[in-house]
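For reference, the structure I am asking about is given below.
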Amino acid sequence: MSSSVRLLLIVALLYTNSWAKTVKETLRITWEEGAPNGQARELIYTNGQFPGPPLIWDEGDDVEVTVWNEMAKNVTVHWHGLDQKDSPWSDGTPGLSQRPIQPGQSFVYKFKASPPGNHWYHSHEKMSLVDGLYGAIHIRPKEDRTGLWSQISQDKEDIKAMEKAARDPEYLVVSDWSQYTSEEYWKMSTDSGLLVFCLDSILVNGKGEVYCPGQEFLQKELAPGLVQDAFPPGTEVSDKGCFPADLDQVQGGPWNITKRPDLIPPRVQEGCVASKHENETIVVDPHRNNGWVSMHIVAAATIAQIAFSVDSHEFWLYEIDGNYVNPKKFVSAVMSAGETFSIMMKLDQEPGRYTMRVPNSGASQVLGAFAEMVYEGHERAEKSGRAYLSYGGNPTSPDVEKNSFFPWQLDTDHMSPWPANKPRPGKADEEHLLVLGRVGAPYKYTMNTKYLYPVDFQNNDPLLFYPDATCGTENDGLVLRTKNGSWVDLILQVSTLPGDTSSFEHFMHKHGSKTWRIGFGTGVWNYTSVEEAIQERPQDFNLETPGLRDTWITAFSIGGEAYWSVFRYYVDNPGPWLFHCHIELHLMGGMGIAILDGVDAWPEHIPEEYRLD
């Protein structure tokens, strides 16, 4: 071999290894007492911290994460937003890709770090997300994104600075929090016959407080029009900002069960007890990266819909669910449970301390929360700046509302992918109508009219290894099957089931692939095909610039009006993927379905280490 050829081979090998290094991580999951909001309870720690540590990789890395379960209960870890191409056994979903990790046991997840962007990891065993197993993931892209940043600024120095800032973001894991564990919380609903969803705090990076501003203040903080449109006249929230637990507008029905609100433990719905604790502080340097800072925000909420703003600071939203979007400038944004946002902010205000506001903006509860953004060197400055959001998540002025991102409003939620990426037009190869709602009780949920997805569905015989296990059984109603290389439309109908005509929003997440939302409208879906609906209601569809995400809000039906959404995706990732609501109470109640994508190209060469006995 000539020296020149040898040199070329060495260079090629070095280049390949620079993008395909093996990264090994270890996560030790423990169950310990903590007090993230100043009030003690038991929770999940990851490597001795809560939330778990951010995991930072480069696009294309071969990742190996060993998870040790040192708790007395089962666990799995799902890598939310990662496509798991050619590694469906590492998705972390019990009953689909693996058996749960038993106490004292370990499991090694192996996958490619893909796609680039900001994602997160979390537990997927029952409702244990409520207990604190979650953390941020950042996959740095191979290529720079000059074309993305040039939409924000044409200045070459700004473009370089934004690229650097995006590769080293601040991480904000925003979660809701209750004084009760997930098992205790679920027991409240089954004992009382009511869906209970009152919280104590919202945390930023595991830090927060319990605020008790008083019932009169909270009543004034209700979203304008909410009580008038959705609840009986005179409805009042409690001193925790919660609606009465037994309201028909909240619980639906009538159901053939006995409602026992007296079995809801004290201090869940009312009886606020304040606790002073520590709020998160993010220190930023206006002299670094030409004054640009990027923030990776994870909505690790289990119930709440999180709003976000920083006093006096505008920001550019440039990434949703790990997918780059054509940037738009806002002063506040609302995130649904399960979503990730990445924002770019110019530190161009008077150096000082500014309040970050992260209230619940949904209709479930009036609940505020705060953190701080501090310009480096001004930690002792007085707080300053204009507030864009109130304690209850309401815009503080009409111009704030005009410049805010609301996922339930299609005119503001028009965040098209960058670079351009649109679905195939015309008729899909497959269509599946899924009817979402409650059946039989306020806390029992379905995605296909009647079947409830059990939390232990196929735990012993995961569908990756036994894809035909449900054939010929009633459980097959919990499974959809698609063919590889096909275009699929998922039609979601909400608020049509008996007793569930005032349905709250659902935050629908699909594992294994992102989907385009190509249509949205009110009423009952009574079309023979999506193609027919497009012809009759072209104003309700967008196949040119639809958003592309893995988590979508279905919207909120006020006054009992039915509505539907259409999501389209391409099947190129064979495997068993869960499609479910990311509100933990809804998933625990049955709102999930298994989609076996590419059954005609099912993974056959499963690594020996993942094969079941």
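Glycine too: its Cβ is placed from the backbone N, Cα and C atoms.
Found this in Swiss-Prot, in case it helps:
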BINDING   HIS80, HIS122, HIS582  Cu cation 2 binding site
BINDING   HIS124, HIS511, HIS580  Cu cation 3 binding site
BINDING   HIS506, HIS509, CYS581, HIS586  Cu cation 4 binding site
DOMAIN    29-142  domain 'Plastocyanin-like 1'
DOMAIN    171-359  domain 'Plastocyanin-like 2'
DOMAIN    468-598  domain 'Plastocyanin-like 3'
CARBOHYD  ASN74  N-linked glycosylation site
CARBOHYD  ASN256  N-linked glycosylation site
CARBOHYD  ASN279  N-linked glycosylation site
CARBOHYD  ASN484  N-linked glycosylation site
CARBOHYD  ASN526  N-linked glycosylation site
SIGNAL    1-20  signal peptide
Most Cβ neighbours within 10 Å: which of the glycosylation sites ASN256, ASN279, ASN484 is it?
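Its Cβ has the most other Cβ atoms within 10 Å: ASN279.
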Pull the DSSP breakdown for the domain 'Plastocyanin-like 1' (29-142) and write it out as helix, strand, coil residue counts.
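Taking each residue of the domain 'Plastocyanin-like 1' (29-142) in turn, the totals are 7 helix, 54 strand, 53 coil.
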Tell me whether HIS586 (Cu cation 4 binding site) sits in a helix, a strand or coil according to DSSP.
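Once the DSSP labels are grouped into three classes, HIS586 (Cu cation 4 binding site) ends up as helix.
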Determine, using Cα-Cα distances only, which of these recorded positions is closest to HIS80 (Cu cation 2 binding site): ASN256, ASN484, HIS506.
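Considering only the listed recorded positions, the nearest one is HIS506.
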Can you list, in sequence order, the residues of the same chain other than HIS80, HIS122, HIS582 whose CB lies within 8 Å of the CB centroid of the Cu cation 2 site?
HIS78, TRP120, HIS124, LEU129, TYR134, ALA300, ALA337, GLY338, HIS509, THR551
Give me the CA-CA distance between ASN526 (N-linked glycosylation site) and ASN484 (N-linked glycosylation site), in Å, as a whole number.
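Between the alpha carbons of ASN526 (N-linked glycosylation site) and ASN484 (N-linked glycosylation site) there are 28 Å.
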Mind tallying the domain 'Plastocyanin-like 3' (468-598) by DSSP state, helix then strand then coil?
20 helix, 50 strand, 61 coil
My understanding is the cutoff is Cβ-Cβ under 8 Å with a sequence separation of 6 or more in the same chain; which residues meet that for HIS506 (Cu cation 4 binding site)?
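Those within reach of HIS506 (Cu cation 4 binding site), by Cβ under 8 Å and sequence separation of 6 or more, are LEU436, VAL494, ILE553, THR554, CYS581, ILE583, HIS586, MET591.
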Please compute the mean pLDDT of the model over the domain 'Plastocyanin-like 2' (171-359).
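When the pLDDT values over the domain 'Plastocyanin-like 2' (171-359) are averaged, the result is 94.
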Compute the C-alpha separation of HIS124 (Cu cation 3 binding site) from ASN484 (N-linked glycosylation site), stating it in Å without decimals.
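With the alpha carbons as reference points, the distance is 26 Å.
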Sort out for me which one of ASN74, ASN526 has the most neighbouring CB atoms within 10 A, since those are the glycosylation sites we care about.
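Counting Cβ neighbours within 10 Å, the top one is ASN74.
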Quick check: which same-chain residues outside HIS506, HIS509, CYS581, HIS586 lie with their CB within 8 A of the centre of the Cu cation 4 site CB atoms?
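The surrounding set, listed in chain order, is PHE507, MET508, HIS580, HIS582, ILE583, LEU587, MET591, GLY592.
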Just jot down the residues in the same chain as HIS509 (Cu cation 4 binding site), at least 6 apart in sequence, with C-beta under 8 A of its C-beta; none if empty.
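Once residues fewer than 6 apart are set aside, HIS509 (Cu cation 4 binding site) is near HIS80, GLY338, ASP550, THR551, PHE579, HIS580, CYS581, HIS582.
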Any idea what the Cα distance is from ASN279 (N-linked glycosylation site) over to ASN484 (N-linked glycosylation site), rounded to a whole Å?
48
Where HIS511 (Cu cation 3 binding site) and ASN74 (N-linked glycosylation site) are concerned, what is their Cα separation in Å, rounded?
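Between the Cα atoms of HIS511 (Cu cation 3 binding site) and ASN74 (N-linked glycosylation site), the distance comes to 21 Å.
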Based on Cα distances to ASN484 (N-linked glycosylation site), point out the closest of the recorded positions ASN74, HIS122, ASN256.
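Smallest Cα separation from ASN484 (N-linked glycosylation site) among ASN74, HIS122, ASN256: HIS122.
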To test your reading of the Cu cation 3 site: which residues beyond HIS124, HIS511, HIS580, same chain only, put their Cβ within 8 Å of the Cβ centroid of those residues?
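Nearby residues not in the site list: HIS78, ASP91, THR93, LEU96, HIS509, TRP577, LEU578, PHE579, LEU587, GLY592.
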